[in-house]
């Protein structure tokens with residue numbers, strides 16, 4: 001058994017030693033296999049306990065029959081020399097063997113296995129991260145708690161439900177984060193399911209305790225008071241609720257007095273005109289970003305759409321593409337976003353993923369002030385960097401990018417492979433360094449990021465679009481395709497319309513890889529112009 005346990009420790013994926021499982025679906029799939037192994041180990045333990053109990057039961061039944069016969073005529077029974085010998089033998093040795101069997105701990109193997117694997121289990125950060133991802137999906141895709149709880153998500157293959165206890169735990173996570181908006185939503189869902197008769201370890205009193213306070217924190221004093229009274233109907237002795245009731249009633253009486261004193265002049269005041277709705281073009285970026293993620297973005301006019309074409313592209317008469325040109329499609333006009341179809345094969349994708357998986361780490365961003373790499377809440381993914389020297393496939397992919405874009409990849413960054421986790425996203429950002437970030441790529445010595453090439457290495461069941469809030473463009477993932485755009489004008493000035501984001505993955509697994517091409521080496525491939533915005 002010790003040998004098996006040691007072998008399992010050696011064979012466990014080393015990638016699991018790194019925290020942040022919720023940021024990568026790829027690594028979460030390893031957890032599924034580990035949990036399956038634990039279930040198998042648990043079933044082996046149950047079987048061993050059942051076998052042990054079966055032996056004890058057989059022994060008890062045999063002794064029950066024997067003692068029933070012996071107690072009818074004890075003297076006559078032990079008068080038989082064989083019975084006398086067997087009685088001595090049973091009491092001297094066999095009962096000791098039974099004692100050893102009963103005391104034998106059949107759980108050693110399972111406990112050893114569990115102890116080893118527990119060090120690779122998700123931690124509190126993962127659980128909180130997964131919960132906050134659900135909140136993010138809920139907000140971005142306008143999902144109500146009942147839809148999520150019932151598992152009615154678009155594109156799902158494996159329907160899953162949330163219990164009242166699950167909803168309660170989600171509400172507690174939000175409460176701990178002082179996110180009272182989501183606390184209210186999930187505590188209300190837990191309460192609804194309990195009132196519908198769902199059996200749970202969670203009681204209504206606990207739910208109402210959190211719910212009433214969350215509602216109060218959002219300024220709805222009437223509802224908070226109503227919920228507190230409902231709690232006290234269930235538990236009249238609840239100390240905190242009784243205290244809250246007195247406090248809420250005191251606050252309400254003060255507000256009523258203040259309103260009475262201020263109401264005298266209101267009859268003479270004219271009602272202020274209501275403001276007109278704000279045009280979509282002027283909505284805050286966050287709202288535009290979420291609308292684009294839902295496919296509700298600004299639609300391109302028919303006149304502009306007529307300027308978008310599909311074509312065969314031979315890379316400016318590149319010999320590799322003359323007989324088999326690449327399929328190219330215009331996704332957007334300004335900035336010009338081009339999609340290449342069937343540009344990376346399934347076999348190449350699997351090799352890239354296999355190379356990246358062992359070294360996936362939480363994706364970081366460069367701090368604009370210090371230049372240091374750091375993790376941030378608005379980038380939920382894991383990434384790895386692959387050099388062209390590591391595998392012929394990576395080298396071939398790099399050359400394909402060079403042939404199709406006409407840009408030199410020798411000064412580009414390594415191929416970055418990213419896998420998005422639960423609600424995985426990267427909120428609006430620029431790929432290029434702005435003027436207030438002069439040190440962003442100084443260590444590379446290759447200038448600014450002139451262009452971005454992005455491979456989609458998986459289809460996504462729902463969500464996961466690449467969106468450009470400044471212009472209203474949405475580009476949806478399609479396995480085997482790639483999109484390309486310039487981050488800088490030919491003058492070297494940054495194109496601020498390329499500000500983009502990776503929408504949260506609602507359902508599915510999103511794999512991408514990208515290549516950031518830099519200015520150095522492009523002097524004759526993309527000559528500089530005198531006009532700032534050309």
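Cβ coordinates are placed from backbone N, Cα and C, and glycine is handled just like the others.
Annotated features, as they stand in Swiss-Prot:
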SIGNAL    1-17  signal peptide
CARBOHYD  113  N-linked glycosylation site
REPEAT    205-238  repeat 'TPR'
CARBOHYD  259  N-linked glycosylation site
DOMAIN    411-519  domain 'Fe2OG dioxygenase'
BINDING   429, 431, 500  Fe cation binding site
BINDING   510  2-oxoglutarate binding site
Seminar exercise, completed: Candidates 259, 500, 510 (recorded positions); nearest Cα to residue 113 (N-linked glycosylation site) turns out to be 510
Seminar exercise, completed: Least Cβ-packed of the binding-site residues 429, 500, 510 (other Cβ atoms within 10 Å) is 429
Problem set entry | Structural state census, the domain 'Fe2OG dioxygenase' (411-519) (DSSP three-state) | 3 helix, 48 strand, 58 coil
For this session: Tell me, roughly as an integer, the mean pLDDT over the repeat 'TPR' (205-238).
Result: 96
Problem set entry | Distance [Cα-Cα, Å, rounded] between residue 510 (2-oxoglutarate binding site) and residue 500 (Fe cation binding site) | 17
Problem set entry | Inter-residue Cα distance where the pair is residue 259 (N-linked glycosylation site) and residue 431 (Fe cation binding site), in Å | 53
For this session: List, in sequence order, the residues of the same chain other than 429, 431, 500 whose Cβ lies within 8 Å of the centroid of the Cβ atoms of the recorded Fe cation site.
Result: 426, 428, 430, 452, 487, 498, 499, 501
For this session: Fill in the CA-CA distance, residue 259 (N-linked glycosylation site) to residue 429 (Fe cation binding site), as an integer in Å.
Result: 46
For this session: Tell me, if you would, which residue among 113, 259 (glycosylation sites) has the fewest other CB atoms within 10 Å in the structure shown?
Result: 259
For this session: Translate the DSSP assignment of residue 259 (N-linked glycosylation site) into the three-state scheme.
Result: helix
For this session: Using DSSP, break the repeat 'TPR' (205-238) down into helix, strand and coil residues and give each count.
Result: 27 helix, 0 strand, 7 coil
